[in-house]
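Q: Starting off with a structure, shown below.
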Amino acid sequence: MVSKFFTSLVSLAAVLGANASLTRRVACPDGRHTATNAACCALFPLRDDLQANLFDGGKCNAEAHESLRLTFHDAIAISPALEAQGKFGGGGADGSITIFSHIETGFHPNIGLDEVVEKQRPFLQRHNIGVADFIQFAGALGASNCAGAPQLSAFVGRKDATRPAPDGLVPEPFHTPDQIFARIADASSGEFDEILTVWLLTAHTIAAANDVDPTVPGSPFDSTPEIFDSQFFLETQLKGTAFTGRGPVQGEVQSPLRGEFRLQSDFAIARDQRTACEWQSFVNNQTKVQQMFQFVFHDLSILGQNIDDLVDCTEVIPIPRPLTTRTHFPAGMSDRDIEQACLETPFPTLPTDPGPRTGVAPV
Ligand code: HEM
Ligand SMILES: *[C@@H]1O[C@H](CO)[C@@H](O)[C@H](O)[C@H]1NC(C)=O
């Protein structure tokens, strides 16, 4: 899988290079932009509207986080295994979560997503774009506001859903690694193995929980939820010492920092012998954080769609600001606090933030 990835990276680079020199840009009707394809023109005003009015002037805010989460919950709802049993398996990245929000946001793993769906809906209504394309675009754009993020791909031309996805296809934080690996492999027809599942979970570097324990909304998964860095991979390997919120709730385990929320699924995949070394390898490797998430988001965002029918409008997504921080142990912590799970490679040597032990604030 990994070597296939690098081969496709090389050929992708070749194609991009060839396109850049051969393709003539078209002028958009707004008179202000040019694009490689006229189909991308509608995305410029949508981008500016979302940046100004959903993402608070281009911030990595809670709506940016929720918009990225929504891309996953729309796309992952597809199951060749159900189809093989003669049942409808969902359409993947087909917009069904928004089109049939009255059904799908009622599914247990989609708890809380009704909010972002309704916040996004007015933008969808005042711009000329399909629902499936809109969801993936908003997620890629929201992530671009987080320093350190890769430029995520944006395509248009997806077919919108005509029926809701069935329940039971979105992973839950109380599922075992086996259950999660099996579900993600099924959704991707085997492409996303357990290693690529780790790559997908990079998204949790700009994330918080609102509804797993509703008494502590906005509890982040790492100490830097506005930065697309590798702190999440480091902090999930620290020893858990206390529950954030009202105590153990289903899908939660103890976290190492006051106010930080730890999902049982992240905890378990960080320590599973199939994935622990891959998890650790992201710590302090920003190139890897960016490249691997960029790669898996591309494929996630088109699940159930035919790439040959889509137009690549990634150029509309701003290049995110680079990281200006270094991977570090939170104040008062060091490698003594690491619960070493990878047996092959020692944990990287990293600096500790100055000052006394602190907690993290809700986002
Ligand atoms: C594979 C197993 C996964 C599980 C079990 C899982 C579970 C969860 C849970 C329980 C939350 C907190 C929801 C809440 O209480 O508000 C969450 C948040 C989030 N997830 Fe995941 N997730 C998974 C994978 C992913 C993937 C692949 C992505 C993106 C591509 C993603 C993106 C996010 C984001 C951005 C948030 C933060 C939302 C916010 O801050 O409001 N997750 N996830
Ligand atoms: C970072 O990850 C990349 C991609 O997997 C790898 O080629 C590189 O060797 C890693 N760098 C370090 C310092 O480990």
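Using N, Cα and C of the backbone, Cβ positions are placed for all residues, glycine too.
Residues annotated as heme b binding site in TrEMBL: His204. Residues annotated as Ca(2+) 2 binding site in TrEMBL: Thr205, Asp222, Thr224, Asp229. Taken from TrEMBL, the feature disulfide bond covers Cys28-Cys41, Cys40-Cys313, Cys60-Cys146, Cys277-Cys342. What TrEMBL records for 1-20 is signal peptide.
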Q: So if I draw a 10 Å sphere around the Cβ of Cys313 (disulfide bond), how many other Cβ atoms end up inside it?
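A: Step by step: centre on the Cβ of Cys313 (disulfide bond), count other Cβ atoms within 10 Å, giving 25.
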Q: Within 10 Å of Asp229 (Ca(2+) 2 binding site) (Cα-Cα), which of the disulfide-bonded residues Cys28, Cys146, Cys313?
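A: Within 10 Å of Asp229 (Ca(2+) 2 binding site): Cys146.
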Q: Roughly how many Å lie between the Cα atoms of Cys313 (disulfide bond) and His204 (heme b binding site), rounded to a whole value?
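A: Each residue's Cα considered, Cys313 (disulfide bond) and His204 (heme b binding site) end up 25 Å apart.
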Q: Which one of the disulfide-bonded residues (Cys60, Cys277) has its C-beta surrounded by the most other C-beta atoms within 10 angstroms?
A: Cys60
Q: If you take the centroid of the Cβ atoms of Thr205, Asp222, Thr224, Asp229, the listed Ca(2+) 2 site, which other residues of that chain have their Cβ within 8 Å of it?
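A: Here the non-site neighbours turn out to be Ile206, Ser223, Pro225, Ile227, Phe228, Ser230, Gln231, Phe232, Glu235.
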Q: Just how many other Cβ atoms lie inside 10 Å of the Cβ on Asp229 (Ca(2+) 2 binding site)?
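A: There are 27 of them.
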Q: If one measures from the C-alpha of Cys41 (disulfide bond) to the C-alpha of Thr205 (Ca(2+) 2 binding site), what distance in angstrom results, rounded to a whole number?
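A: Cys41 (disulfide bond) and Thr205 (Ca(2+) 2 binding site) have their Cα atoms 31 Å apart.
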Q: May I ask which residues of the same chain, at least 6 positions away in sequence, place their Cβ under 8 angstroms from the Cβ of Thr205 (Ca(2+) 2 binding site)?
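A: Those within reach of Thr205 (Ca(2+) 2 binding site), by Cβ under 8 Å and sequence separation of 6 or more, are Phe221, Asp222, Thr224, Pro225, Ile227, Phe228, Asp229, Ser230, Gln231, Phe232, Phe233, Val289.
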Q: Return the residues near Cys28 (disulfide bond), defined as same-chain residues 6+ apart in sequence whose C-beta is under 8 angstroms from its C-beta, sorted by sequence, else 'none'.
A: Thr34, Ala35, Ala38, Cys41, Phe44
Q: Sequence gap of 6 or more, Cβ distance under 8 Å: name the residues on the same chain that satisfy this around Cys146 (disulfide bond), in order along the sequence.
A: Cys60, Ala64, Ile206, Glu226, Ile227, Phe228, Pro320
